[in-house]
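To start, the structure itself, in structure tokens.
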């Protein structure tokens, strides 16, 4: 005999027990009521008995649909049905969505920083100077502007060298020598101009940044065309290293392909790129507005917070140790905000704007580096154009030459450290190698965070160490070191 509906529902949830009866464990009997008089009564059938063939069905009763739902809320229905973990327990915390907590953090962050901004403005007033954007000294930087305008000569000379070797007017060794001279000159020329002129640090940094980008592009242009010539010769001989060679990727260099490459948001040359179908003009305008807003926010943070903190500090390696720690910690938050704004403005907004205007298809300019578990993962994900360039033109060539993987990584970091030092030291007119040692210090951090991540599985120990060294120690320390060295040099020059 079937149990009452309420007991059947309870038996279904609690599972068959010793008192469940013979039919409690059978799926065909659970949560099913026989078409009996009792079932008719429960359904609200006024006839109270079976319907004969041909009798019309009873009118629909709303309680008939509510009845199965109401059975779940009976006092006899079990409230605890299976083993469950608390959402914040160690076994379940990474399976939960934390969107609400993220929204809470954003609200708290906005509230706290709004209070600090209002308090700062009430105490010190608006500290932004008009000279932050433009000053009379900027007019004295015209040699840097002329140097920047003459940089496109070097890509044209590189194209001429490639045309000459394609026509077999010069040999392979000659074109390699020409490319070495071109790439070396594109770095030395602006560096000499900056060091000869007493220009603003920002103007010198922009020029060296553009020169470094052009250097990497020209290295990629020379290396890729050399490899294309090797592949073309092997294809003619019928041996392309066992791989299919796409004819689109071994085309001869043209002025059009070179011009597109020099403007495109990539450092790796190839004759053709994936392209989108159209330009979204409204989208470009929105990104430009965002870029202006975040640039203004960076200027506000620098002038209102970072400059006063740095001016009231001492050299971190010469003054009181506790005072240096206090300045570094106080400087860590605004420098982190400026760096995040810079990353968003350049890697997300500006590079996507360039890609949209040029219909450049591959827009993976960064990955989720904020989730990096090790320092090695961070360097692989945060700057994809440079990462692809290093992998393509430094790391794998070293591996193909038979060098160990560790040596290839060391050479990659060495090249990165040299260019970080050049981009900072030349505009500041000082060579203390702070940026160089800061990048080379990443190598032991790579092994340290890798060891900790292997030791503590499923724990973001490496991610926390990365954020600590990156935002709490690294950037504020570099800002203090270079600021005081620049101030000391200017003080000595004015005597």
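For all residues, glycine too, the Cβ spot is worked out from N, Cα and C.
Curation plays no part in TrEMBL annotations; they are all automatic predictions.
TrEMBL lists 420 with the feature active site. Annotation for residue 420 (active site): same-chain Cβ neighbours under 8 Å, separated by at least 6 residues, are 435, 436, 438, 439.
Per TrEMBL, compositional bias 'Low complexity' is recorded for 7-17 (among others).
If you look up TrEMBL, you'll see 36-45 (among others) marked as compositional bias 'Low complexity'.
Per TrEMBL, the feature region 'Disordered' maps to 1-68.
Same-chain residues lying 6+ beyond the ends of the transmembrane segment (99-118) with a Cβ under 8 Å from its Cβ atoms: 304. Taken from TrEMBL, the feature transmembrane segment applies to 99-118 (among others).
Sequence-distant contacts of the transmembrane segment (142-161) (same chain, six or more residues past either end, CB-CB distance under 8 Å): 170, 175, 178-179, 182, 185-186, 189-190, 193-194, 196-197, 199, 203-204, 207, 210-211, 214, 217-218, 221-222, 253, 255, 258, 262. The transmembrane segment annotation in TrEMBL covers 142-161 (among others).
Sequence-distant contacts of the transmembrane segment (173-194), counting only residues of its own chain at least 6 positions beyond either end whose CB sits under 8 Å from a CB of the stretch, comprise 143-144, 147-148, 151, 154, 157-158, 161-162, 164-165, 204, 207-208, 210-212, 214-215, 218-219, 222, 226, 422, 426-427, 429. Residues or ranges marked as transmembrane segment in TrEMBL: 173-194 (among others).
Positions annotated as transmembrane segment by TrEMBL: 200-219 (among others).
Residues 117, 120-121, 124, 126-129, 132-133, 331, 334-335, 337-338, 341-342, 344-345, 349-350, 353, 479 of the same chain lie 6 or more positions beyond the ends of the transmembrane segment (288-306) yet place their CB under 8 Å from a CB of it. Under the heading transmembrane segment, TrEMBL lists 288-306 (among others).
The annotation transmembrane segment is assigned in TrEMBL to 336-358 (among others).
Within the chain, the transmembrane segment (407-427) has long-range Cβ neighbours (under 8 A, six or more residues past its boundaries) at 187, 191, 194-195, 199, 201-205, 207-209, 212, 386, 390, 394-395, 398-399, 433-440, 442-443, 446, 482. Annotated transmembrane segment per TrEMBL: 407-427 (among others), in sequence order.
Per TrEMBL, transmembrane segment is recorded for 433-452 (among others).
According to TrEMBL, the feature transmembrane segment maps to 464-483 (among others). With a cut-off of 8 Å between Cβ atoms, the residues of this chain six or more beyond the transmembrane segment (464-483) that come close are 306, 310, 313, 315-317, 324, 327-329, 331-332, 335-336, 339, 372, 374-375, 378, 424, 428, 430, 432, 434-435, 438, 445, 448-449, 452.
Counting residues 6+ beyond its ends, the transmembrane segment (200-219) has Cβ neighbours under 8 Å at 135, 137-138, 141, 144, 147-148, 151, 154-155, 158, 179, 182-183, 186-187, 189-191, 193-194, 261-262, 267, 269, 386, 389, 393, 419, 422-424, 426-428, 486 in the same chain.
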